Structures are given as structure tokens and as C-alpha cells.
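Peer 1: In case it helps, Swiss-Prot gives these features for our protein:
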type    : residues                            : note
BINDING : G35, G36, H37, D55, F80, D102, Q109 : S-adenosyl-L-methionine binding site
Amino acid sequence: MSQEFAHLSVLLEETVGGLNIKDDGIYIDGTFGRGGHSRQILQRLGENGRLIAIDRDPQAIEAAKQFADDPRFQIVHGGFGQLADYVEELGLVGKIDGVLLDLGVSSPQLDDAERGFSFLRDGPLDMRMDNSQGETAAQWLARAEIEDMAWVFKTYGEEKNARHIARCIAADRDKTPFLRTKDLADLIARITKNKERNKHPATRVFQAIRIYINSELDQIDQALEGALTVLAPQGRLSIISFHSLEDRIVKRFIRRHSQGESVPHGLPITEDQINKSRKLRAIGKAIMPSDEEIERNARARSSVLRIAERLDY
């Protein structure tokens, strides 16, 4: 792998350590990427352990060949939202000792201009995690209604100027279609008046389009529910998120399943019954990267790690 597209796994020790790995355990790396977390898991597993890695990026599947000679490892080409389906096919429901998810876009995807994720590198406006199928960002921008674009920019990018940007895109695309990242980034920079300090004006819109094109938040919801289904008692969830939308979903999921089902006041139900509805317990507080890690890897700055354990009821 070229140095240009090298990937530094964020919160590596903390995330893998949070899985509390057993020698003969069965683990899932739901976001293989370039294998940083998988490598650490394999180093801690015994000879009877097992690691199932998942990724929908064809380049990640290619990178997984580095572990082809390790009988403990297997790679699945698909989205982590379907992890419960993959585990069911393998007959391992209720036997998984840990699930790791490193959410969002990876450094190699951002750094490769041909993938179209970055407003800093000119390339085709693609943004698909799996670039072998599905609609590209350029195709969506060419057909989307103004209202739909504004909703996506506001909901997934928390963009204050969502409607104005959507209108300008619609007006400009009739003359020249948006086919490259630079086309879109330049337009947003040109029409944005109140620019945020130390943040490119296109940051939020690019994030929003990427999340929409890849159904990222739906994938997270599905993966979390799936993990709850497949985890063994005392199995661990170790999840890194990179922006507030992701972290909010993870935080609320852990909180909801740590508190148990809410019941109307006065309903005749015992404390034991309420406890049995609890499926998770949070392990410690949210973990942030150290100043030293941020200095080594600026992309770690916004990362948050949350760890939870499946309860045995």
C-alpha cells in the first residue's frame, strides 16, 4: 500500500482492548478498512480464535488478502448493517464475543481523489463506499429536487445554508452538471458568505451527501441491533464515531438498552422484571484520543469511543 493512502487506526489500543479478547473467542471487525484493528485482534487471539471481517469497499476486500494465510480470519464483502445476516448464515448467533465498528470514511478513501470523497482533492464526484454498485453523488445531484437536497444537507450535514446551497446547485446544474468534487466545492465556497473559521465551506455538504449516498446512519442502526442479537453473554461492543450524528445514535442505543424497558407509573411489575429487559451495560465513559494521538494523526481529533457489554439475563 502506498504511503499516500496509508491508514492510521484511531484509538487502536483502546478500541481493541475494549473487546476484552479471549484466546478462543469469535470476533467481528465490521469495518475492516485496511486491517489495522483486525491485525491487533489477530495478534491477541489464540490459535482457536476466529475473526470475521466485513467491508463493502472492494479495495478493502483486496487489502484483506494480507491475512489470506491465517485460518482464523475470513472476510465478507458487504455492509456492516447486515452483520446479523452474515452471522446467522455461519450459525454463530449468540456466540460472538465482540463486535468492533470504526464508523465513517477511512483515510485511504478520503485521500484517493478517484473515490470522490474529499473537497480538497479534485476527482470524480462519486462518494460510494462500494464503488462497484449504486448511485454516485454526481448522479444524485443531477436529479434531486431542491427540497430533497436541502433536507439532506440540513439533516446529515447540519448545514445552516442548506436551502440556499440547494437552490444554487439546481440553478448551476442546468448549465453545467456537477461531475467533479472541485466543481461542487468551488460553488459552495463562492456562495457561502459567513464562513466558519478553520473549516472549508463545503465540509458539511460533502459529509451530508456521503452519508445519504451510503445510507450510513441506517447502516449504523441496523448494525447495532444486529450486534445485540449475535453477541454472547458478556460479549463486547466497541464503537468509534467521528461526528455528532454517529455518536448520538451509539450513545442513545447504549443508554436505551442499559436502562431497560420504560413502563407506565403504577404498572404492577417487579424490579427483577425491569432488570431482565436490560440488555447492555456501558463500560466506563466515552473515550477521546490523547493530545499525543491527535498530534500524530489529526483525523483522530473528533473521534469518540464507546464500549458496552451484553448482559446475561
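Glycine is treated like the rest: Cβ placed from N, Cα and C.
What's the neighbourhood like for these features in this structure?
Peer 2: Classification of H37 (S-adenosyl-L-methionine binding site) by DSSP places it within a helix. Other C-beta atoms found within 10 angstroms of the C-beta of H37 (S-adenosyl-L-methionine binding site) number 28, with every protein chain shown included.
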Peer 1: With an 8 Å cut-off on Cβ-Cβ distance and a minimum sequence separation of at least 6, pull the same-chain contacts of F80 (S-adenosyl-L-methionine binding site), or say none.
Peer 2: G30, T31, I54, D55, R56, L101, Q219, A223
Peer 1: With every protein chain in view, how many other Cβ atoms are within 10 Å of the Cβ of G35 (S-adenosyl-L-methionine binding site)?
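Peer 2: There are 24 of them.
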Peer 1: Can you give me the same-chain residues 6 or more apart in sequence from Q109 (S-adenosyl-L-methionine binding site) with a CB-CB distance under 8 Å?
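Peer 2: Those within reach of Q109 (S-adenosyl-L-methionine binding site), by Cβ under 8 Å and sequence separation of 6 or more, are D57, R115, F117, M129.
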Peer 1: Around G36 (S-adenosyl-L-methionine binding site), how many other C-beta atoms are within 10 angstroms of its C-beta?
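Peer 2: A 10 Å sphere around the Cβ of G36 (S-adenosyl-L-methionine binding site) contains 20 other Cβ atoms.
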